[in-house]
Amino acid sequence: MEGPLSVFGDRSTGEAIRSQNVMAAASIANIVKSSLGPVGLDKMLVDDIGDVTITNDGATILKLLEVEHPAAKVLCELADLQDKEVGDGTTSVVIIAAELLKNADELVKQKIHPTSVISGYRLACKEAVRYINENLIINTDELGRDCLINAAKTSMSSKIIGINGDFFANMVVDAVLAVKYTDIRGQPRYPVNSVNILKAHGRSQIESMLINGYALNCVVGSQGMLKRIVNAKIACLDFSLQKTKMKLGVQVVITDPEKLDQIRQRESDITKERIQKILATGANVILTTGGIDDMCLKYFVEAGAMAVRRVLKRDLKRIAKASGASILSTLANLEGEETFEATMLGQAEEVVQERICDDELILIKNTKARTSASIILRGANDFMCDEMERSLHDALCVVKRVLESKSVVPGGGAVEAALSIYLENYATSMGSREQLAIAEFARSLLVIPNTLAVNAAQDSTDLVAKLRAFHNEAQVNPERKNLKWIGLDLVHGKPRDNKQAGVFEPTIVKVKSLKFATEAAITILRIDDLIKLHPESKDDKHGGYENAVHSGALDD
């Protein structure tokens, strides 16, 4: 009879692995916990080559961490997903997921099967989303532009630009509204990527500016070129305009020295013909990702066109989208002939090189296909400018979500407290085992107001108790249902009406973070076995060629 099956690796099962996973999740949450809320603290991260990042953004912190534990990796990916999908709420989603896991682990230790906990969590999440949509949303139509500004300010409150909240909130709202376009279905769309953010260190935050048009951090290729072109026809090229040289390995055998001159002449004529084909279509602004040599620049100067070299591929794509141009990586068509048609050109009202701040920039104004906007950020140093850019990205995403979903919910822990009370009452109406899981889900949500209060150096127990009392009153007594907007005022350390105070978050941020946190917690809860294979040794059996020779393994 054979012995038991051996697994080449470390195997841990049951309670041990579940506790391990919960601890890993809790340690990840503890890293970002102190950065939550308007008085959250920043993290300084130094990578292996010594690059420093100072940030308050949950997704950025977790992206820069080198995490080995598989369960902790799930939470890091969760923050990244929240950042890509919604753009904000990355810290809170990780904290909620870790708290859900911690409470689920307590239930499993009390001999409640993980499957019961999972089904309870799923039910609680579904009920929570339904309750938000039915009772807690505020329609943005009745609040207008103020609502957008307040949502942006709420997003920025914990960030470095929170001090100048009004200034940046107005800038963000104007930028998002500037890039609005209508898609095929007639729905308004707000592509946040169309807002180009440039950073220039020096001066103060308040001297940042919003520019109507696409700002390129480049200058014209030659001093002799025009600096301003009206009714621009833009060609976007993804190749270099330089004297064509023969490929390596090409050999030409010539018998007459004059032929050598002809070859050189032909090399320069090939590029000249390309430029003439481009200019013949009426193009007067040429943007290329490659270089343009002096010989080619001469033709553009003579034609009165503006040529810009070394444009970033990312910028070129955005300009092509905004102006209606096609990006060409070659002029060759399917027959192998080189052609350039006028339909490939984009259009803009004006392209001008201006000195803004301390740098020369090229501005592309009033593009034909879509409008575009650019923000130039000023700050004391590069770390500050980078963090300002991350903060602005979050705020832009928030404003976009509010405009697309047309609804917001009160911030400052109001939603979590309301859901906690509702789910506690809902749990008591359940007759099955899920009752305990739903009650734990309700308790887990209180981690958000709790953490907010702790980070603000307030008495969290007292504040959360008051908050729960208000929300309980709102749900029990229909006459006092306006109390459901009560959230925390962390500066003064007391509950307040966050609808009046203008603390708003997009509904989708709350709904998605609940769903994502629940799914992540369930994914980790389902794991009851971890098999970690031993890494294969790099050397072969004899430890390399030299050892093999010495040991005689190569002798026949």
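The backbone N, Cα and C atoms fix where each Cβ goes, and this holds for glycine too.
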Inquiry  = Looking at phosphoserine as annotated by Swiss-Prot, pick the matching residue from SER35, SER407, SER432, SER551.
reply    = SER551
Inquiry  = Suppose a student reads Swiss-Prot and sees GLY37, GLY89, THR90, THR91, SER92, SER158, LYS159, GLY412 listed for ADP. Which of GLU258, GLU335, GLU505 should they find annotated at that same site?
reply    = GLU505
Query = Relative to the Cβ position of GLU505 (ADP binding site), how many further Cβ atoms are located within 10 Å?
reply = 26
Note = LYS400 (N6-acetyllysine) sits from SER92 (ADP binding site) (Cα to Cα, rounded, in Å) at a distance of 20
Message = By a 10 A CB contact count over all chains shown, which of the binding-site residues listed here is most packed: GLY37, GLY89?
response = GLY89
Task = Fewest other Cβ atoms within 10 Å: which of the modified residues LYS199, LYS400, LYS494 wins that one? Let me know.
result = LYS494
Message = Measuring Cα to Cα, how many Å separate LYS199 (N6-acetyllysine) from GLY89 (ATP binding site)?
response = 25
Query = Which one is closest to TYR181 (phosphotyrosine) in space, judged by CA to CA distance, out of the binding-site residues GLY37, THR91, LYS159, GLU505?
reply = GLU505
